[in-house]
Structures are given as structure tokens and as C-alpha cells.
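Asker: For reference, TrEMBL lists these features for the protein:
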- 1-10: compositional bias 'Basic and acidic residues' (COMPBIAS)
- 34-100: domain 'PAS' (DOMAIN)
- 105-157: domain 'PAC' (DOMAIN)
- 182-218: domain 'PAS' (DOMAIN)
- 231-281: domain 'PAC' (DOMAIN)
- 301-524: domain 'Histidine kinase' (DOMAIN)
- 549-664: domain 'Response regulatory' (DOMAIN)
- 599: 4-aspartylphosphate (MOD_RES)
- 684-695: compositional bias 'Polar residues' (COMPBIAS)
């Protein structure tokens, strides 16, 4: 730079040595005012003001020099400017910029402090010119940017930490700013299936389930109104592949890169929701099981009482029909009564089947064969306007099931389908391999990881709504008119299927029919034996009576009188007792008693206990128990031993006659050397071959 000798307001140094003299002229007063104003500004500068002459020596420094460099201004005045640069090359760079452009702004460099430490600074520089317009030096400002750099570094470190945490975070993090997504961590991309660059326009909005969009919109509007809505809520979204997912979403407002932004945290709770739904299904299953158990106990008790009522009603009708003098009209009336009683008996049996877990004869069976053998009976049982179609997959495995119970399931579903098609329709029975990965079955935990065979029964009937489907397996629930249904059919189906370890599903839509899917456990593949030819026919057995003495113990008067009457007509001598105590009195007074016919459960003493007492008095006596309770329940709870002879109420004349004869002849629960006298009963009329005693 050329040598310059300008006259300056301020001498070399920090401040002018001699303030201008005020002569009283206006222009002098203005100069003095400007001088002092400049001085106040100059001395209060936060940044460092400097001037360098044409020889690159420091000419002027503001008092802030000490705060920035540790040197007092007078210590650096006259020193070459390169003295304070850490890197001389940076001095060359700024000089080159000045010579080219005449100025430089925000030039970042480092200066050396008096104590040897380094201070980062930002330099603004301008060339100064003399009165002829020639460059005569440089002036400018130097700012300490230590705090700025420290803040920037902390921001960078903070952002780096945020990114490190966000990248490793198991839940999704997204940042929304200026109407676009500016950040999405890998978890967010994994949950949504979209990369950050794909999250444009309305992609996120399109992901939200239609039923949840109102919720999201309302939360957004609440924030815009300045309200403080709940920041965390659950909603459903569809990912890029269209898969429905449950997410827990939290939204807050943050500062991101110096501007407001929305931060959204998204947690995939699909698995949690699945577990919750399964838990609810298990609770419902437990509730259903408890309800079925309670109703079952009630049903079993009702069935027992109904059996005691049906026994004399049906028995006396049967005896009346044996009277040859009966008129045709009376005979028809009695037969109609018997038919109705048989329906009542069947209802009681179904009550017992529902209320008590009857014994299952589980065995490997061919489901297709069961359906084929049973289809004729279904045809005869349904109306003629019901068309039946079978679609049986011959490749399916055999199932582990009780054949009779499978038939019961098929018949109940067929009758249910018929009732759903009052104007006629089509019933389809189909078999095929089951997909056990499907989860919308009851019970939800059945057949998991196992092999199963599916039986599908569907109709073209009126269908059901969702509310009806949810209650379809409840006991005594029915959509039929009063008196047209018991509400036990589908409850029995459910009970049979679950007792087999299977599962069931119902799908229906109003006006479009109903479909039941039942998955039966598959049997291990073994060679199936060829079916043997059916051997049947033959004449029915003749009624066999006898002359032995039978001790009858029954607390129900109507059943006791009927049984005594029936036994007498078979030719036996009857000793009738209304209680265990009176029965023991008869046993003590009689010398010969061949058979004890006793109710299983009586108020004072069980039939089993009564037999033990009577056997002390009559060691050779045989025993036949009768009960209106299910046989399985009686044996299960130890009321009777497994091999004890039992006849179920209500019994018929033929069944009682054959069972008594079987026990007396040693077929069950009696001494093998016992010899009895028996005779064929050809005419069941009044007889004089017995002596009747009633206590």
C-alpha cells in the first residue's frame, strides 16, 4: 500500500489526545458534539474496532482490545498486524480479498491472545482511502465468536445425539415442518413402509384408517385453537403394503433447526392389541364356560325331575296300549300322547347331554364316511324343499371323534339351517383341510400348531346380524318363535366341538345365509381297515318275566307305583318301599329276596349304601340301580362303581324287563352260581303268582 498522511479526527492510539477547541461558531460546536459522541461509542464498543496503515501496522484499536486479546491497545499500536495471526496464510487470504473486492465480511480466522491462547474471531474489513481516493489502510471490526462456535458445536453434538438415539430408537420418530416431512428415523420407515422421500403430499393422511381420521383432525384443530388436547392416543393406520396396524401416537411442538416443527412419536402396538383381543376372547370364553357350567347344573337338575315325571306318564301309556280291549280312537289318542312324551324325553336327553359331560368314545373315524352314512337320515328329517349338496375332499385325514357326537353336530346344524330357510333353499356340507392359523374361531386357543380337518355347513337362509352371531352359542338363546325352539341345539354343538378339542366359527350376513366352520383334530395317518358288512335284522326279543322276589326302593311315589305295577305284570313278586328305612324293615322281615331295585339317590341314604345294608341280611341278593341323572355323572362322582348295573329313567316295559332278567341271570353284578326261575311272558295281564306288600 502507498504511504499516506491523512489528517484524522483521532490521533494514532485509542482516543484523540486533544479534543477540538470550540470557538463558539456553530460549525465548531457541531464538531465538538460529534467528537464526544464518537468517543462514547468508541469506548463502549463490544467488538474490537481497528485501523491498519498502509504498511500493515496497527494504528488504532478500541478499548475492547483488552477484553478480546488480553493486550492493552497501546501494547499493540505500531505492531505489524501479522503478529496477532495464528496462521499467516489466513492474513494473506484476507489481504487478497481486500485487494480484489475492497472489503470482506465475516471472515473466520483465529487470533493469538497475549497469554498464548487462541480466540476464534469474525473479521469485517474495508479499505480506507485518502483525500485523493487512494487506498491508505484498512479499518473494520473484529468479533469474538467463541460463544457462537461453542453453541453451534453443542447444537451439532445435540443433533448428532438426537440422530444417534433416533436411529437406534425402537419406535418411529418423524418431524413435520413447513408442510413437509423433514425427518423420519428407520423405525418410522419400518412401521409405515415408506421412506422419507416418499412421505410427500397426503401420504400420511391417506395412511390413517377412515374411522380414525376425525380423531386426528380434531386433535390438530384443538392445537390450532391454542387448546391443550391429549397428546397421546391410539389409532389405526395402513402401511405401504396395505396391512392394518395399531399405533400409539404422541405429537408435540419443538424447535428444529431454529424453527417450530411438529415431532411425532409412533409406537407399533399391533402385537399388544392382538394380545389384548386374545385376552378379551379368553375372558369371554371363560365367562361362556362358567355360564355353560352353571346352566348345565341347572339343566341336569331339571332333567332329573322331568325324568321322574315322564316315567309314570310314559309307562302307564305303554301299559294301556297292551290292553287288547282298548278302542281304536282311545289307542290313537294314547299313541299321540306317547309321541309327545317321546319328544319330551328327547328334550330331557338333550338337557342332560348339554348339562353333563357325557362319556365320549373318541376314535379315529372317517368324517366323509360319517356324512355319507348319515345323509339319508338328514334327507328324511328335513323338508322336501331343502336341497342338500355334499362336497367331500377325499384327501382329508381321519379325525379323532365320537361318531355319534359328530352325527349329533351335523343333525343340529342341518335342522338349524332348515329353520333359517322357511321358503326352502340349499344346504351344503363340505370337508377340506383346515387352516389352523386362522384366529377368528372359538375357543381361540384350540388346535394351535396342530393338524385338523374342517367341516363346513352352510345354508342360503335369512342369515344373522353381528349381534345375533355373538350370542348364537349361548344356552337357551333362540331367534325362533315361542315354542318353536329350545335354544340348546347350537349350545350343544359348541359343547361337543370343544370337548373334542376342536373349534368352531360362524359367519353370517343378513339375507345372505350362514356358514359354520368346524375344525376337528386330525388322527395320525394309519391304514384304515375295510368296513365290515352290516349284520342286522332278526325278530325283537320276547318279554321275559319271572317269579323271583324283587325289593323296590323309590322315594318318588308315582315312579314307585308305576315300577311296582310293571314288575307285577312281568310275574315277579314285589316288595315296595318308599324310603331306605322302610326298605330295610322289609329286608329284615323277608326270608328270600332275589333282587334289589333301588333309586341311586334318595334323601336318607344312597342306593349304594342301601344295598350294602341289605346284602348283610341277604348275601346272595343282586342289585339293579335306576336314576334320572346322567350315567356318566353318577359313575364319575363315585356314586356307583363302573360295573354296577344301572337303568336310566324313563325306562320302557321292554327295557326294564330285559334289564331285570339280565341281572337276575347273572349278566351283571351277581353271583355266577345263582340259579333263577324264569318264564316267557306271552300275555301281560293280571296274575296271581305274586304277593305285593307296601310299606
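Backbone N, Cα and C atoms are what each Cβ position is placed from, and that goes for glycine too.
I'm curious about the neighbourhood of these features; can you describe it?
Answerer: Looking only at the domain 'PAS' (34-100), the predicted model's pLDDT averages out at 86.
Note on the domain 'PAS' (182-218): residues 166-167, 169-176, 229, 233, 235-241, 244-245, 247, 256, 261, 266, 268 of its chain, located 6 or more positions outside it, place their CB under 8 angstroms from a CB of the stretch.
Counting only same-chain residues six or more apart in sequence, the Cβ atoms lying under 8 angstroms from the Cβ of residue 599 (4-aspartylphosphate) belong to 553, 554, 555, 556, 559, 607, 625, 626, 627.
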Asker: If you count every Cβ pair below 8 Å, which range out of 34-100, 105-157, 231-281, 549-664 shares the most with the domain 'Histidine kinase' (301-524)?
Answerer: 549-664
Asker: For the domain 'PAS' (34-100), jot down how many residues DSSP puts in helix, in strand and in coil.
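Answerer: Tallied per class, the domain 'PAS' (34-100) gives 36 helix, 13 strand, 18 coil.
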Asker: Look up residue 599 (4-aspartylphosphate) in the DSSP assignment and report helix, strand or coil.
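Answerer: SS state of residue 599 (4-aspartylphosphate) = strand.
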Asker: Using DSSP, how many residues of the domain 'PAC' (105-157) fall into helix, strand and coil, respectively?
Answerer: 12 helix, 30 strand, 11 coil
